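These notes concern the structure reproduced below.
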Amino acid sequence: MSSKVEQLRAQLNERILVLDGGMGTMIQSYRLNEADFRGERFADWPCDLKGNNDLLVLSKPEVIAAIHNAYFEAGADIIETNTFNSTTIAMADYQMESLSAEINFAAAKLARACADEWTARTPEKPRYVAGVLGPTNRTASISPDVNDPAFRNITFDGLVAAYRESTKALVEGGADLILIETVFDTLNAKAAVFAVKTEFEALGVELPIMISGTITDASGRTLSGQTTEAFYNSLRHAEALTFGLNCALGPDELRQYVQELSRIAECYVTAHPNAGLPNAFGEYDLDADTMAKQIREWAQAGFLNIVGGCCGTTPQHIAAMSRAVEGLAPRKLPEIPVACRLSGLEPLNIGEDSLFVNVGERTNVTGSAKFKRLIKEEKYSEALDVARQQVENGAQIIDINMDEGMLDAEAAMVRFLNLIAGEPDIARVPIMIDSSKWDVIEKGLKCIQGKGIVNSISMKEGVDAFIHHAKLLRRYGAAVVVMAFDEQGQADTRARKIEICRRAYKILTEEVGFPPEDIIFDPNIFAVATGIEEHNNYAQDFIGACEDIKRELPHALISGGVSNVSFSFRGNDPVREAIHAVFLYYAIRNGMDMGIVNAGQLAIYDDLPAELRDAVEDVILNRRDDGTERLLELAEKYRGSKTDDTANAQQAEWRSWEVNKRLEYSLVKGITEFIEQDTEEARQQATRPIEVIEGPLMDGMNVVGDLFGEGKMFLPQVVKSARVMKQAVAYLEPFIEASKEQGKTNGKMVIATVKGDVHDIGKNIVGVVLQCNNYEIVDLGVMVPAEKILRTAKEVNADLIGLSGLITPSLDEMVNVAKEMERQGFTIPLLIGGATTSKAHTAVKIEQNYSGPTVYVQNASRTVGVVAALLSDTQRDDFVARTRKEYETVRIQHGRKKPRTPPVTLEAARDNDFAFDWQAYTPPVAHRLGVQEVEASIETLRNYIDWTPFFMTWSLAGKYPRILEDEVVGVEAQRLFKDANDMLDKLSAEKTLNPRGVVGLFPANRVGDDIEIYRDETRTHVINVSHHLRQQTEKTGFANYCLADFVAPKLSGKADYIGAFAVTGGLEEDALADAFEAQHDDYNKIMVKALADRLAEAFAEYLHERVRKVYWGYAPNENLSNEELIRENYQGIRPAPGYPACPEHTEKATIWELLEVEKHTGMKLTESFAMWPGASVSGWYFSHPDSKYYAVAQIQRDQVEDYARRKGMSVTEVERWLAPNLGYDAD
């Protein structure tokens, strides 16, 4: 270890060190242009170079040096080289692969010079350089082609070559450490570790390695799907100096994952979060002092050894952090229990206290005839089902073997492992790569991002080959199965087994440096009851060897192929299962940790028939000389039988319960099949029909409510429960009506979507959740005027009123309802909810207009608690007082709140518009001008569906497809996803929901902040004008955008175009939902609305693709996956009126006039410019390659007056439509 490394370790033990902040953020502040990036050397480079930040170490080194020095001056101990994208792979985007080594070397040398200068100034505070290896722009474990999940656009070897070249240059340029950062695909990082270790060996150096991963969203997983602990387990073999997290999230969101890492990591922990989450402009708003306060709390909690900043952070942030952690003790390295720490997408830790681990054996061509056939016939989809079944049946690891004479084992292994990577329900468990061919093993290791197991290596080919393979496995980061096999052959006796294992253990731990907990011995399981006397003690020898290994070889694990022991009884599954059960019973007691088994065919030792168990024990323990003969005689009795014939009986057992328990079970499980039958039975037993509702049905719903409140049931399950409840109540209603009885409820609530708004999915869900908790709901539907809401509330004597809305004009209508409630003397609570609502708006705009309780409810899951408190005699006063005090604080803070960035005049904003050389650009000519009706089938659109918002509708948080394997909601998400696809199948087959739309392309040019739209190419007749708003806050280093900027100015003489569209998931949406409601089926009512919404968004995506490739035709060769479409990785944008880039809703009327939308599609606009049906999307098309989404945000009075003049509206009217965007008080 060098003196510098020793010095660094000493510093880490004494204090929290500080890393630098965002490099890209600082480069942007210089507002460099294309010429700056090129410099003299690259003036004639054949492609654009602006944005190639890493190139600046050659073309503008003074800028990068200034940024390094600014961070050192701010207090940074470590700076990162400007090489995030300097691999040959990433540099290919700029045709600069050949410059990779030069850029890395120059970057390290430049950072080294800055660090040495600052160390010379303050020798007591040495400065260090971390040579950065970025993630590249490729993913080794994710297919870029949605139609071919086995395809990869980069290989492990390709990554290793690129990372080796960069590492060599960074080391030679003077880096003190190598930082592998922003890891979103762990397989890329494993390749980086392999490359760094290999290059260190070639150079004869050993620098500390830092690793930092990226948790991409609230799911708590990397982009490639791993949890924090799985990610750590996968890279633990790097023996990194530090392990940490950076990017994607701000301190609030990242905290829990840093906390988890600090608990599990044996090394030092780093964190460099973003300055919060990006705002609508893609900028970061978290100021330095606020961020530093959060970081100080982390440090005080003992999470940190090194801290810095990522996107959006500046020297001001780093200076504040440096002050915040000064004097605080660094995190102490924890003592972590020794365990074999494996991973798939999720961790699997096998320690001393772990239960037996099942390794699924059926994905093995040598052991499963079915699997072999599927692989040979290339039926990989069915082969995946075999793997999935093993996991579903309890396999915690799956063993994969492709060794078959007529197979290309390498190709089959690679393809199957790549396919598994795209199946989260399989990939969540670790992989055991099983082969007798080293080349196959290596190919497999290059495909798995988790920490897997290699099965196997041995000393049969000599010690040199054994050591060579073991060293490579260590570098790949795999645990290893070591066979009890040496130059003399397989160990068959207990003495030979421990002799070979002892020798292998010594070589691995002392010569190779292999962690003992990653060594898994297979002392050879051989078949018993073969009729050969020498074989009689095979099982007992294995069991005894387990005891020897555990006693003599600390932390080593034991495994074996369990099916081998029963091979003599192949064809007699019940006897084989009994042999396995008895064998495992004794082997596990003696230390066996895991076994390769058929996870779906494991019998339970205590459940075996006594005579069979005793006979098997005689054989396994070799207790009788005639044990084999006796078992053979008995075996025929059990051939073809099943030891667990009770499965079907258990499944139907609940039908034998007493009726009240059956009703509860049906409610909790959402089973409608028997509900009328059981409800009638309960009615026959009750004195009055109402007692069935107030008794067993409400008891069951109380269980549902409790489970939902405790997080043990999820919204889709609750809605299914409500469906059962409604059908039971509907059955009882005629009997109740005949007896003139009314049930007792917890309260009555009128709910409605306000006038002008047609969106009701969220409202419907709230209604269902409250009904499940015995509240009576009077649902008035959508577009309900204030007068009707209040009249109904009086008529039904409501206890509460709930208002919902999605579009921004609904906010004003909610204020109007509150004013009317006050005027009419209401005192009952008013609840506010919906996508555009907020606590701030409720406090500032609504509550002050109504003296009764006014409460903002964020989501359905919180509604029950709020309603219960408001109607409680004991809780109400306190809850209302606390809420009013909270809202008063919100109003005070709102009044004091200053804009994050100061406003500028409209004139100044226009002077800072999007600067573009229109003379050097020719806009693409639209191929098909005019208006066209468009239809698309559900089967076409389902390929374009973004499912993540669908799950959000049902309050299931997580990103698709990873949500399907989520530890908490995964099972329910899978059920919901199946139900959704079943309904799509039905809607498609029956054609009961028919998406339709209209699109138009028109000649157009910009005039100021407006876009003139022309009748034809003569451009002499203006048929309409699209009016737009400009960003009006100070934008240092950025333009003040307006959508009109992306269309060629009229004065430029360039012919440009604009597109418009309107699509709906189907006019039949409401009728279908009403039909389900009539059947008391809230679940399918909400489902059809949610799917119609998804189909509308999918239609918009599909139509935009058609416009780019065909109608406008500026991207005819575009070939994007659905994920890439969702991420909008294409040229052009389709902003929608009412959304951040064009927030004013009345502009939809321009689209309706241009396209004659109602005539072509039947879609309508309400008085508030909401679209009907609710599942509808409309917007504009822009083709400009630099067009982008942004948020207009707050505008000032001068722009409002200008906009009113341009639109021919009064200022007051414009202020009403743009109320959320006003940067001044309009009252």
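Glycine too: its Cβ is placed from the backbone N, Cα and C atoms.
According to DSSP, Cys310 (Zn(2+) binding site) sits in a coil region rather than a helix or strand. The number of other CB atoms found within 10 A of the CB of Cys310 (Zn(2+) binding site), across every protein chain shown, is 29. The feature Zn(2+) binding site is assigned by Swiss-Prot to Cys247, Cys310, Cys311, with experimental evidence given as support.
If you look up Swiss-Prot, you'll see 356-617 marked as domain 'Pterin-binding', on the strength of sequence analysis. Across the domain 'Pterin-binding' (356-617), the model assigns an average pLDDT of 93.
The domain 'B12-binding N-terminal' annotation in Swiss-Prot covers 650-744. Secondary structure of the domain 'B12-binding N-terminal' (650-744) per DSSP (helix as H, G, I; strand as E, B; remaining residues coil): 73 helix, 0 strand, 22 coil.
Annotation comment: Swiss-Prot describes Glu694, Gly756, Asp757, Val758, His759, Asp760, Ser804, Thr808, Ala860 as methylcob(III)alamin binding site. Sequence-distant neighbours of Asp757 (methylcob(III)alamin binding site): residues of the same chain at least 6 apart with a C-beta under 8 Å from its C-beta are Val782, Met783, Ser804, Gly805, Leu806, Ile807, Pro809, Ser810, Glu813, Thr1166, Ser1168, Ala1170.
What Swiss-Prot lists as domain 'AdoMet activation' is 897-1227, and the listing cites sequence analysis.
Under the heading S-adenosyl-L-methionine binding site, Swiss-Prot lists Asp946, Arg1134, Tyr1189, Tyr1190.
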Problem - Using Cα positions only, nearest of the binding-site residues to Tyr1190 (S-adenosyl-L-methionine binding site) (Cys247, Cys310, Cys311, Glu694, His759) - result: Cys311
Completion exercise
As a whole number of Å, the Cα atom of Cys311 (Zn(2+) binding site) is distant from the Cα atom of Tyr1189 (S-adenosyl-L-methionine binding site) by 19
Handout entry: Cβ neighbour count (within 10 Å, all chains shown) around Arg1134 (S-adenosyl-L-methionine binding site)
Key = 22
Exercise for the section: Go through Cys247, Cys311, our binding-site residues, and report the one whose Cβ sees the most other Cβ atoms within 10 Å. Expected result: Cys311
Practice task
Around the recorded Zn(2+) site, report the further residues of that chain (criterion: Cβ within 8 Å of the mean position of the Cβ atoms of Cys247, Cys310, Cys311; site residues excluded), sequence-ordered.
Solution key: Gly22, Thr182, Thr214, Asn246, Ala248, His272, Pro273, Asn274, Gly309, Gly312, Thr313
Problem - Secondary structure of Tyr1190 (S-adenosyl-L-methionine binding site) (DSSP, helix/strand/coil) - result: coil
Handout entry: Number of other Cβ atoms within 10 Å of the Cβ of Asp946 (S-adenosyl-L-methionine binding site) across all protein chains
Key = 16
Exercise for the section: Return the member of Glu694, His759, Arg1134 nearest to Cys310 (Zn(2+) binding site) in space, with distance defined Cα to Cα and candidates limited to these binding-site residues. Expected result: Arg1134
Problem - Maximum Cα-Cα separation in Å among residues Asp946, Arg1134, Tyr1189, Tyr1190, which the record lists as binding S-adenosyl-L-methionine - result: 21
Exercise for the section: Work out how many Å separate Glu694 (methylcob(III)alamin binding site) and Cys247 (Zn(2+) binding site) at their Cα atoms, rounded off. Expected result: 53
Practice task
Would you kindly give the Cα-Cα distance separating Arg1134 (S-adenosyl-L-methionine binding site) and His759 (methylcob(III)alamin binding site), rounded to the nearest Å?
Solution key: 22
Practice task
Taking the Cβ of Tyr1190 (S-adenosyl-L-methionine binding site) as the centre, count every other Cβ atom within 10 Å, in any protein chain shown.
Solution key: 22
